[in-house]
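Student: One structure follows; several queries about it will come next.
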Amino acid sequence: MVDRKEIPLAMGLLAVLLFFVASSSSFHLVRASDEVDDAIFYESFDEDFDNRWIVSGKEEYNGVWKHSKSEGHDDFGLLVSEPARKYAIVKELDAPVSLKDGTVVLQFETRLQNGLECGGAYIKYLQTQESGWKPKGFDNESGYSIMFGPDRCGATNKVHFIFRHKNPKTGKHVEHHLKFPPSVPSDKLSHVYTAVLKDDNEVSILIDGEEKKKANFLSSEDFEPALIPSKTIPDPDDKKPEDWDERAKIPDPEAVKPEDWDEDAPREIIDEEAEKPEPWLDHEPEVDDPEAKPEDWDDEEDGEWEAPKIENPKCEAAPGCGEWKRPTKSNPAYKGKWSAPYIDNPNYKGIWKPQEIPNPEYFELEKPDFEPIAAIGIEIWTMQDGILFDNVLIAKDDKIAESYRETTWKPKFNIEKEKQKHEEEAAAAAAARSESEGIAGIQKKAFDLLYKIADIAFLSGQKEKIIEIIEKGEKQPNLTIGIIVSVVIVFVSIFFRLIFGGKKPANVEANVEKKKTNTETTSKQDGGEKEDNKEKEETANPPRRRPKRDN
């Protein structure tokens with residue numbers, strides 16, 4: 001029996017255990033909640049985008065956005081539904097996001113479900129627009145701080161990273177393009193693009209979590225044009241002096257043409273030592289082409305026919321035809337037009353260039369003065385439909401972005417990758433099967449032809465051998481070519497034997513057959529003479545024997 005004194009102790013232990021479990025669960029839930037709260041902005045598109053994302057009202061943007069599932073998944077995204085259209089849609093943030101302090105991570109997924117031959121799949125992170133701007137007015141002229149994402153058309157194949165920066169001296173915004181950006185993946189799988197903007201002026205571009213490019217905002221080697229302008233510029237008002245001599249070399253003014261310099265001597269002269277080759281056919285010029293005249297040529301309507309000339313057939317074996325002329329050769333006395341040699345120009349001043357002046361647009365800074373992100377927009381033109389945007393994220397920590405990649409993108413990608421692998425294996429198997437069936441069909445036709453060859457009358461003596469070879473080939477298809485060659489050799493051998501060496505044996509066989517018939521007839525008349533005739537026949541036609549070799 002259970003001791004009643006132990007019941008309170010057991011209940012206490014159970015309560016402690018339940019509290020521990022509850023505390024652990026609460027801890028994990030809080031951690032997950034904290035992780036979500038760390039995202040400045042996140043759009044999963046699990047719910048319809050209507051009334052949250054605003055489609056541009058501009059007439060040129062006639063592409064239809066749809067809330068659609070990614071192919072093969074239950075996960076929804078924002079879909080480009082029609083090809084050869086312009087698209088524009090925007091989502092205003094609850095509060096502007098500063099890009100100046102600390103790390104900022106921009107991340108989103110795209111899936112090019114029908115590929116991308118010519119079009120964009122990038123996102124624009126818009127700056128605060130002018131007063132009175134409405135999301136319905138979003139277009140290509142709407143200012144952005146950063147443009148990031150895939151773009152492909154013709155020779156262009158890159159993941160854009162462009163930032164717009166306001167010049168503090170001029171007030172103008174300048175686009176600065178990342179040099180040598182990474183390429184866009186060429187498959188139709190989901191891919192996640194991440195840009196990590198760090199406080200040390202570095203930016204890292206990741207594709208599927210793997211760093212593909214690192215750059216520095218202040219480096220002229222990483223961005224074109226450079227963020228910080230040059231200190232000086234060529235003076236636009238400076239002009240080259242009229243007496244500025246840029247010629248490094250000039251003709252020697254004191255040089256004199258030699259007296260024996262013959263400018264009129266020709267480059268080539270007739271070779272007087274040449275002799276006419278024998279047998280040169282002097283009286284065999286080109287002849288009319290007898291086959292050139294069209295059959296429907298009518299002299300009355302089309303005029304008198306003038307046949308084109310062709311080479312005289314008699315000239316094929318001769319060194320030449322027609323009138324022979326001596327060839328020309330290089331003239332050893334040829335010098336050409338005389339010109340004075342060049343000397344260093346004593347007045348040479350070098351290649352002129354305008355003088356440098358202070359650049360009025362020059363400024364210095366330690367960090368880019370990014371304008372905050374006030375909205376997220378997609379403004380693209382594409383020839384392909386099926387582009388799906390999903391899981392748009394802005395965060396202050398790249399660990400948050402990594403967590404989202406692991407939980408939202410990677411499971412989908414793994415499924416798609418496995419499916420792609422199976423499809424490629426199936427396609428390879430189908431191609432191999434098709435190739436095998438094609439080869440099998442060719443082999444069947446080849447063997448059918450070989451059987452027909454075996455039935456040719458003059459091959460009757462070799463028919464069994466040929467059939468045996470063919471049947472062996474049918475059992476071992478990889479020997480088909482060898483079998484064909486073997487049969488062709490047999491065929492050609494017998495054919496040549498028949499054409500070039502078969503007449504005499506045929507006559508001998510006819511004579512033997514004739515004598516055999518006569519012998520049989522005579523044997524009926526006189527049985528005693530049968531053996532005598534046989535001996536005479538053997539004496540007259542002794543069999544050919546191979547000489548024996550001494551071992």
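Positions of Cβ are set from backbone N, Cα and C atoms, glycine also.
When I checked Swiss-Prot for this same protein, it listed these features:
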{"type": "BINDING", "residues": "S44, D75, D390", "note": "Ca(2+) binding site"}
{"type": "COMPBIAS", "residues": "234-269", "note": "compositional bias 'Basic and acidic residues'"}
{"type": "COMPBIAS", "residues": "276-295", "note": "compositional bias 'Basic and acidic residues'"}
{"type": "COMPBIAS", "residues": "296-305", "note": "compositional bias 'Acidic residues'"}
{"type": "COMPBIAS", "residues": "526-539", "note": "compositional bias 'Basic and acidic residues'"}
{"type": "REGION", "residues": "226-330", "note": "region 'Disordered'"}
{"type": "REGION", "residues": "233-364", "note": "region 'P domain (Extended arm)'"}
{"type": "REGION", "residues": "235-299", "note": "region '4 X approximate repeats'"}
{"type": "REGION", "residues": "303-360", "note": "region '4 X approximate repeats'"}
{"type": "REGION", "residues": "510-551", "note": "region 'Disordered'"}
{"type": "REPEAT", "residues": "303-313", "note": "repeat '2-1'"}
{"type": "REPEAT", "residues": "322-332", "note": "repeat '2-2'"}
{"type": "TOPO_DOM", "residues": "502-551", "note": "topological domain 'Cytoplasmic'"}
Student: Tell me the Cβ contacts of D75 (Ca(2+) binding site) under 8 Å, same chain only and six or more apart in sequence, or just say none.
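Tutor: Correct list: D46, K69, D390, T408, K412.
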Student: Around the Ca(2+) site recorded as S44, D75, D390, what other same-chain residues have a C-beta within 8 angstroms of the site's C-beta center?
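Tutor: The answer, listed by sequence position, is F45, D46, S70, F76, G77, E109, N391, T408.
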Student: Can you give the mean pLDDT for the repeat '2-1' (303-313), rounded to a whole number?
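Tutor: A mean pLDDT of 81 is what the predicted model shows over the repeat '2-1' (303-313).
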Student: Do any residues, 6 or more residues outside the repeat '2-2' (322-332), come within under 8 Å Cβ-to-Cβ of it, and if so which ones?
Tutor: 265-272, 274, 276, 280-282, 284-286
Student: Restricting to the chain of S44 (Ca(2+) binding site) and a gap of 6 or more, list residues whose Cβ falls under 8 Å of its Cβ, or answer none.
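Tutor: F76, D390, N391, T408 - these are the non-local Cβ neighbours of S44 (Ca(2+) binding site), listed in sequence order.
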Student: Validating a neighbour-count step here. Other CB atoms within 10 A of the CB of D390 (Ca(2+) binding site): how many?
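Tutor: Looking across every protein chain shown, the total is 24.
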Student: If you run the three-state DSSP split on D390 (Ca(2+) binding site), which class comes out?
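Tutor: Its secondary structure by DSSP: strand.
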Student: For D75 (Ca(2+) binding site), name the DSSP secondary structure in the helix/strand/coil scheme.
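Tutor: DSSP call for D75 (Ca(2+) binding site): coil, neither helix nor strand.
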